[in-house]
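Swiss-Prot lists Tyr234 with the feature active site, proton donor. Annotation source Swiss-Prot lists NAD(+) binding site at 47-52, 73-74, 110-111, 138-139, Lys243, 272-274, citing sequence analysis. The substrate binding site feature in Swiss-Prot is assigned to Tyr224; the stated evidence is sequence analysis. Look at Swiss-Prot and you will find Glu74 tagged as site 'Plays an important role in discriminating NADH against NADPH'.
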Amino acid sequence: MVIKPRVRGFICVTAHPTGCEVNVKQQIDYVKAQGPFHGPKRVLVIGASTGYGLAARISAAFASGAATVGVFLERPGEGNKPGTAGWYNSAAFHKFAEAEGLYASSVNGDAFSDAVKQQTIDIIKRDLGQVDLVVYSLAAPRRTHPKTGQVYNSTLKPIGKTLRQRGLDTDKEVIKENVIEPATEEEIANTVAVMGGEDWQMWIEALDQAGVLADGAKTTAFTYLGEKITHDIYWNGTIGAAKKDLDQRVLKIREQLAARGGDARVAVLKALVTQASSAIPMMPLYLSLLFKVMKKAGTHEGCIEQVDGLYRDSLYNDHPIMDEEGRLRADYKELAPDIQAEVAALWDQVTDENLYELTDFKGYKSDFLRLFGFGVEGVDYEADVNPEVPIRNLTQV
């Protein structure tokens, strides 16, 4: 069938298998061009199919020669219905890893569940023995608690005040003001339950108890801090409450791993177009401005540049780039005072008329479609493609 993009709000409901494969190949080519680094050899990535998690898997495998186990929740293509981008990304990753003799195994299921944790542990025990790095890169709208069965939904809201903030309606391509009511205490608690550090901690405890964490094993979870412009909706809002929970829980996890020479760190990455970030009301406008300013400065980076740099500069470097809270920082180019000042200066100047002139909304749209395998150079989008692409060595839970 011929697959075209169908966008609904902040999600594209179709994905292109060939486009996704080329995307993955370009990321592999990038990390190889940076040369190998002395990094992890057996890696578990929780949330491995898109965005930063996928980049973490690619960099570990193709620049450090790691065997990888990936956990994700994606949908395969069936009949004339395309699968999700994450499915096609993972199929491509497996294909390229296998071609180079790199071990790759994946688990498709709910990472919050005990069943998926157990299945993952069984695979590690059987095939790898242990892992020396666990990357936690999960973005999910809801979580069923594995012990109580309670379902929590996350919300994107400010805390303690109504927020009036400029935003960009990406469908209509107009600037509009978003009015967002503050979260209730229950909404805050639910968001922390979904996006905080409890599940990360549960994973590490389960892996540790099963004896599949190697001596000296490291773990990292990804976060975003941002600057003043994004603080009200992000760092000082419900998502921020969840991210602050990560900062608390990492201390306990670090203590647990340090006993055997290991370490646990929260890693701060830059703002990027991902399926997760496009859902945040003011993010498309912020990103469109940020892209414009950073590209002009020559400091713009995508997922793969960020994560590959995180491995080389911090996770596997004797002199990691770290802040006073002990977080690894890969977002310093975004937060450079001159970059932020220019974004802030342009923020109120953007109108419907000058949107394409003052911002890089064109680049934003292009990056958004690329997430789903569209608008990738060298791909024939009129060609017939089979939406059913198998993933070898996949366990369905």
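Glycine is no exception: its Cβ is also placed from the backbone N, Cα and C atoms.
Features per Swiss-Prot, on structure.
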| residue | record | DSSP (3 states) |
| --- | --- | --- |
| Gly47 | NAD(+) binding site | coil |
| Leu73 | NAD(+) binding site | coil |
| Leu138 | NAD(+) binding site | coil |
| Tyr224 | substrate binding site | coil |
| Tyr234 | active site, proton donor | coil |
| Lys243 | NAD(+) binding site | helix |
| Val273 | NAD(+) binding site | coil |
I need the least crowded one of these recorded positions (Glu74, Asp110), counting other C-beta atoms within 10 angstroms of each C-beta.
Asp110
The residue listed as 'active site, proton donor': which of the binding-site residues Ser49, Asp110, Leu138 have a C-alpha within 10 angstroms of it?
none
Taking just the CA atoms, what is the gap between Lys243 (NAD(+) binding site) and Glu74 (site 'Plays an important role in discriminating NADH against NADPH') in Å?
24
The residue listed as 'substrate binding site' versus Asp110 (NAD(+) binding site) - Cα distance in angstrom
23
Alpha-carbon distance [Glu74 (site 'Plays an important role in discriminating NADH against NADPH'); Val273 (NAD(+) binding site)] in Å
19
Alpha-carbon spacing, Gly47 (NAD(+) binding site) to the residue listed as 'substrate binding site', which is rounded to whole Å:
16
Residue pair Leu138 (NAD(+) binding site), the residue listed as 'substrate binding site' - Cα distance, angstrom, rounded
13
Within 10 Å of the Cβ of Tyr234 (active site, proton donor), how many other Cβ atoms can be counted across all chains shown?
24
Are there residues of the same chain, six or more positions away from Ser49 (NAD(+) binding site), whose CB falls under 8 angstroms from its CB, and which are they?
Gly70, Phe72, Glu74, Thr84, Ala85, Gly86, Trp87, Asn89, Ser90
Quick note, Leu73 (NAD(+) binding site): same-chain residues at least 6 apart with CB under 8 Å of its CB -> Asn108, Gly109, Asp110, Ala111, Ala140
Would you kindly give the Cα-Cα distance separating the residue listed as 'substrate binding site' and Gly51 (NAD(+) binding site), rounded to the nearest Å?
14
Counting across all protein chains present, how many other Cβ atoms fall within 10 Å of the Cβ of Tyr224 (substrate binding site)?
22
